[in-house]
Amino acid sequence: QLTPSSFLRIGQLSNVDLNEEIHELETELPRQRPNEIPHNEKLLSLKYESLDYDNSENQLFLEEERRINHAAFRTVEIKRWVICAMIGILTGLVACFIDIVVENLAGLKYRVVKDNIDKFTAKGGLSFSLLLWATLNASVVMVGSVIVAFVEPVAAGSGIPQIKCYLNGVKIPHVVRLKTLVIKVCGVILSVVGGLAVGKEGPMIHSGAVIAAGISQGRSTSLKRDFKIFEYFRRDTEKRDFVSAGAAAGVSAAFGAPVGGVLFSLEEGASFWNQFLTWRIFFASMISTFTLNSVLSVYHGNAWDLSSPGLINFGRFDSEKMGYTIQEIPIFIFMGVVGGILGALFNALNYWLTMFRIRYIHRPCLQVVEAMLVAAVTATVGFVMIYCSRDCQPIQGSSVAYPLQLFCADGEYNSMATAFFNTPEKSVVNLFHDPPGSYNPMTLGLFTLMYFFLACWTYGLTVSAGVFIPSLLIGAAWGRLFGISLSYLTKGSIWADPGKYALMGAAAQLGGIVRMTLSLTVIMMEATGNVTYGFPIMLVLMTAKIVGDYFVEGLYDMHIQLQSVPFLHWEAPVTSHSLTAREVMSTPVTCLRRIERVGTVVDILSDTSSNHNGFPVVESNPDTTQVAGLRGLILRSQLIVLLKHKVFVERANLSLVQRRLKLKDFRDAYPRFPPIQSIHVSQDERECMIDLSEFMNPSPYTVPQEASLPRVFKLFRALGLRHLVVVDNRNEVVGMVTRKDLARYRLGKEGLEELSLAQT
């Protein structure tokens, strides 16, 4: 069981951001002796709020919907398609930008280092070349790490766990801001150029999601500009659907795999789905691939042939010489098992490392130092491996971009250098397509070993970086090694082609680390342009997933759990039928009366100890014989807008004469509603009354207290609720179920376990 026995101090968990590290508040509070809590993955953070995926059907909403006729609905539908097209175009352009900048900067760096090495090989003093390479790497990575650690910590890592949480309904601070996008793009360029063991594919998904969230709202809060378009989409439900389209567009720009993008969004990302969405998302993905393709074709100078569909193109595999026979199926399954075991090992190591980082490396300056250290070590390892390698290959007929000669004879190059002295994407393609005999088995073995640990150490640094390409590279290296040894055993028979096994190894390794099945099969098929391998790739991925799941969770789920996010899976824990809503719900509930004093409302909202977001509204005159039954539900954000616009009257029997609020007033305040502290209410105003009847949602979802946990869970999860009111048989409010109450129960090793809640 992966629980380090050492203990965590709660003081070091002061402010958990959903990036891979933890940032302490700059102003250090005087430390009390913190009570010790065992390893933090048994915690659930109370810091994350839920998103409202359930529309509040109050009178304003119903009036507006009744005013909209059929033609207006059609306009809304057309706007949705327009937004999807814009998402596709912009995501494609961002991918182009990243690709072109990385190509030029990395090319420059490798040319400088190569000239330097060639110069010093002749006259001795190669240690200077090593110093140059390591310094270049560390300085570039330092810039990339500084902007992430100090400007926008959410931009660290690949961003896939964050988007997954967002689509599940957890509000992660700053995750879809413009600032995050800028830092993400700059950070990923710098970390790839800095020679870290990272890919630029994962961050594309996050970038696509940010673009989608920004366009669909028709305004930017960072730039303080409101374009007054797409106002209808200013609510969480609509935004969520566009964000899943953005994630799909990101995948298809990264791999040139539109269908793979849709399936990725369906399998890994979205928690809510419908059929209309599928076609729109596919449209966005196609547009994104096409944009990237046409811009890159123009950039490479052949404007009319659309030859570069994705950021990474695995190159075409020829079907004639690359078929597979029936006796290879067991071999593929065995490779899947190896991939699953190695993936589980990778995840376990990364888990311990992340725990260590959460505990000790939580200050931004330490994180930057760690990133620089990793960059320097990566360069040093690469240099030492190239220096010690005696694997020389003839230059004739090989397509090496930066051939390093080092100690080889004239007309030969060092083959270890093709693996290390290149961006990871290029190395993957080389491993897939170089002719048999281009690599020494020793070279591949050492490379796999080293790169495995480097990639594991790199994931979770405070830099923007994806884990896709490094996993593919590790897998391709050991797959090719496997293919070479097979052809050695079978005396070089035709079917044991190393390139084919490199492809299978890459799939097995990536499947073992992130545990994607369907989407990854399709992505690999689309990226290699070959359907022949559909079945073997599927087998390999299935085996890798089954074997990996036996040991430890997938990498993304593991990081979600380490951040103590209240994530709701598809089903309630299997053994939870014994629990009922009465045991799960939170009590007591703060209720409001239908006609309430303004002072009471302000006090309830200002109370920091409770900090609730939804308040049941009950009947206002409890003195008569009737019961104070549930009448509706009103949200904190709605109350704040009411107070801000001062919608109240002096005495309860006066009718409201001021301008009536429109739904637009609520939409304009979305998504950053002002805090209650910023709203000033005078002493006289506190005595006024506020009538909530037309603003509350008169038909909130309720459950009786006897409902079992799986039933409550299904209702909550399928409708994307934020609050579920628990009532007794007289329709009086007895409790409230929120996301935290349901996410607390998890299936552990010994059965059902309940996580403790922490304010961190």
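Including glycine, each Cβ sits where the backbone N, Cα and C put it.
Listed in TrEMBL:
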- 81-102: transmembrane segment (TRANSMEM)
- 130-151: transmembrane segment (TRANSMEM)
- 181-198: transmembrane segment (TRANSMEM)
- 242-264: transmembrane segment (TRANSMEM)
- 276-299: transmembrane segment (TRANSMEM)
- 329-349: transmembrane segment (TRANSMEM)
- 369-388: transmembrane segment (TRANSMEM)
- 442-461: transmembrane segment (TRANSMEM)
- 467-489: transmembrane segment (TRANSMEM)
- 501-525: transmembrane segment (TRANSMEM)
- 531-552: transmembrane segment (TRANSMEM)
- 696-754: domain 'CBS' (DOMAIN)
Task: the transmembrane segment (467-489) in contact with the transmembrane segment (369-388), cutoff 8 A, at least 3 CB pairs, sep 6+ - done: no
Task: Cβ pairs under 8 Å between the transmembrane segment (181-198) and the transmembrane segment (242-264), at least three - done: no
Task: Other parts of the chain folded back onto the transmembrane segment (81-102), taken as Cβ under 8 Å at six or more residues beyond its ends - done: 181, 185, 188-189, 192-193, 200, 204, 207-208, 211-212, 215-216, 230, 233, 242, 245-246, 249-250, 253-254, 280-281, 283-292, 295-296, 299, 311, 423
Task: Candidate ranges 242-264, 276-299, 369-388, 442-461, 531-552 - greatest C-beta contact count to the transmembrane segment (501-525) (under 8 angstroms) - done: 531-552
Task: Chain residues in Cβ proximity to the transmembrane segment (130-151) (below 8 Å; excluding those fewer than six residues from its ends, i.e. six or more beyond) - done: 19, 21, 23, 109, 112-113, 116, 179, 183, 186-187, 189-191, 193-196, 364-365, 367-368, 371-376, 378-380, 382-383, 461-464
- [ ] Mind checking which residues of the chain, 6+ beyond the ends of the transmembrane segment (276-299), have their Cβ under 8 Å from one of its Cβ atoms?
- [x] 80-81, 84-85, 87-89, 91-93, 95-96, 99-100, 208, 241, 244-246, 248-253, 256-259, 261-262, 265-266, 305-311
Task: Averaged pLDDT, computed only over the residues in the domain 'CBS' (696-754) - done: 88
Open item on the list: Can you break down the domain 'CBS' (696-754) into helix, strand and coil residue counts using DSSP?
Closed with: 16 helix, 22 strand, 21 coil
